[in-house]
Amino acid sequence: MTTPALLPLSGRRLPPLNLGASAFPHHRATLRLAFITLCFGAFFFLPDSSKHKRFDLGLEDVLIPHVDTSKGGKNLGGFLIHGQGHDEHRHREEEERLRNKIRADHEKALEEAKEKLKKSRDEIQAEIQTEKNKVVQELKKKDSKPLPPVPLPNLIGINSGEPADPDIREKRNKVKEMMKHAWDNYRQYGWGHNELKPIARKGHSTNIFGNSQMGATIVDALDTLYIMGLHDEFREGQEWIDKNLDFSVNSEVSVFEVNIRFIGGLLAAYYLSGQEVFKIKAVQLAGKLLPAFNTPTGIPWAMVNLKSGVGRNWGWASAGSSILAEFGTLHMEFVHLSYLTGDPVYYNKVMHIRKLLQKMDRPNGLYPNYLNPRTGRWGQHHTSVGGLGDSFYEYLLKAWLMSDKMDMEARKMYDDAIEAIEKHLIRKSNGGLTFIGEWKNGHLERKMGHLTCFAGGMFALGADGSRDDKAGHYLQLGAEIAHTCHESYDRTTLKLGPEAFKFDGGVEAVAVRQNEKYYILRPEVIETYWYMWRFTHDPKYRQWGWEATQAIDKYCRVSGGFSGVKDVYSSSPTYDDVQQSFFLAETLKYLYLLFSNDDLLPLDNWVFNTEAHPLPVLHLANTTLSGNPAYR
């Protein structure tokens with residue numbers, strides 16, 4: 001999961017319209033001005049003739065088609081004036097009638113304006129509020145139109161997974177207890193806020209969610225609660241979503257983050273529980289994201305205002321570019337939206353992005369991280385399998401898996417990309433550690449981010465079906481990445497991994513800069529352990545996962561929840577005081593699955609989005625998808 005650097009957003013916002021008492025500092029002067037404005041406006045807001053074919057003034061027989069009788073009465077396309085003298089008189093009468101009508105309308109509007117101004121300020125405000133409420137209700141009616149009934153895919157393995165081994169069962173129960181601790185404290189101190197500050201014991205948010213409190217932790221945690229059997233907590237979350245989750249807010253949000261956390265979380269909760277409210281809310285929110293695609297190329301803006309639909313890009317992104325991992329991480333959710341609604345618009349949006357990318361030249365076969373949505377040209381040539389690039393490659397593979405391995409176009413794009421990555425970015429260190437560097441303007445930077453560690457799991461997941469019978473090679477590559485990322489944890493004091501680590505000279509798998517030594521409860525290393533466990537059943541992956549569980553519980557747990565730490569090399573670290581929503585969505589879910597049997601969310605039937613929200617494979621045999629025009 002990619003989270004761009006959270007820098008202050010630039011750009012001015014218009015102040016909100018103030019209709020309170022302070023909006024009327026000088027009541028009489030204000031009323032006089034309003035009276036003049038209304039009078040002036042009364043003239044300009046009369047019915048606009050341009051919106052109608054004509055005024056109904058009885059002029060039908062003034063203009064008649066020009067018919068030449070000498071040529072069989074055919075219409076020559078012109079008009080003749082009928083009865084010149086008589087018609088001039090009649091025309092003057094009609095003009096006078098029209099003038100009288102305008103005068104009467106004008107006087108009527110003035111009378112209405114005078115009546116309005118006789119009312120008190122409170123009455124005027126009440127009327128304005130009533131009109132606003134009517135508009136809101138109409139919008140809600142429009143948003144809540146019933147969706148067509150669609151049969152659920154054949155859902156397998158949505159509960160249990162209880163391990164027979166008592167030791168593994170105890171570890172799984174420990175992870176469940178940690179989830180309960182995180183949820184209960186959020187419930188007590190941050191309920192309805194996006195995230196929790198567990199030390200200050202209050203709500204927390206970042207600019208990816210705009211200025212609104214949308215309960216990100218609730219939506220992100222739902223499916224984890226469900227598979228852990230925490231059904232009372234799940235119902236609490238469902239009730240909050242049903243009553244409080246509102247997308248008609250004046251708030252500028254990250255399209256990518258809202259898609260993977262909210263739409264992904266709501267869709268997963270719907271498929272697991274069958275509760276319609278989650279599907280309805282997902283579709284409502286998706287409609288609010290669609291204006292972000294209104295760019296010259298169809299590549300969406302990074303941010304969109306949920307109320308106005310106005311989009312823009314992050315100020316720090318290369319020359320106003322959109323980011324590969326953001327516009328390239330929409331496919332899974334949007335295909336499911338088209339499947340559930342029967343509306344191809346979502347599918348068409350993401351397929352348009354794919355077609356555009358297929359046409360573009362790629363330096364050394366690599367996809368740069370930046371693309372300008374106005375010009376359709378790449379920004380700076382920076383390629384990464386970590387932040388800014390990561391989930392784009394993940395979603396190419398998962399598009400193929402989610403289509404029941406029918407989407408061969410996605411598989412080809414994935415295979416081509418991985419070949420270029422292996423050729424240009426993957427290297428072995430002097431100490432024998434396989435790592436994935438970053439390509440910057442023709443130079444390989446020998447640094448790997450925590451975010452990049454997801455790739456071990458991706459290589460394992462994509463091994464089956466790879467070109468030239470290289471399944472064994474990619475499974476081995478996944479294992480090597482998992483080992484490197486475990487080393488990044490093992491070489492710290494806290495046994496928790498840093499945000500980024502170098503492979504320069506004698507320094508290997510260790511963070512050098514102070515601003516790269518933090519751990520913010522990230523899931524990517526544990527995600528790779530889980531995939532490697534599923535495909536190999538090598539017990540070391542469960543052992544490594546248990547090491548991480550113990551370290552998180554020892555160093556990140558506080559009485560008010562779980563917090564990130566600022567320096568994993570310090571024996572007495574300071575906290576960042578944020579319980580990230582992805583900790584509940586991903587980190588704890590992957591740990592729970594690691595200590596569960598493989599029949600819980602089996603990978604033949606489920607594909608996890610980049611926020612660990614499971615979405616079902618759309619098998620053509622047991623769904624109506626083959627008959628859905630969006631899929632064809």
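Counting begins at 1 with the first residue displayed.
Glycine residues also receive a Cβ, built from the backbone N, Cα and C atoms like all the rest.
Just so you know, TrEMBL annotations never went through curation; they're auto-generated.
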Checklist entry - Based on what TrEMBL records, which one of CYS485, CYS556 is disulphide-bonded to CYS453? => result CYS485
Checklist entry - region 'Disordered' per TrEMBL sits at which of 75-105, 137-167? => result 137-167
Checklist entry - Just counting, how many other CB atoms are there within 10 A of the CB of ASP390 (active site)? => result 27
Next on the checklist: Just to verify a number: CA distance, CYS453 (disulfide bond) to GLU524 (active site), in angstrom, no decimals.
Outcome noted: 6
Checklist entry - Rounded to the nearest angstrom, how far is the Cα of THR610 (Ca(2+) binding site) from the Cα of CYS485 (disulfide bond)? => result 19
Item to check | Distance from THR610 (Ca(2+) binding site) back to GLU257 (active site, proton donor), taken between C-alpha atoms, in Å | outcome: 10
Checklist entry - GLU524 (active site) has how many other Cβ neighbours within 10 Å of its own Cβ? => result 24
Next on the checklist: In whole Å, how far does the CA atom of GLU524 (active site) lie from that of ASP390 (active site)?
Outcome noted: 11
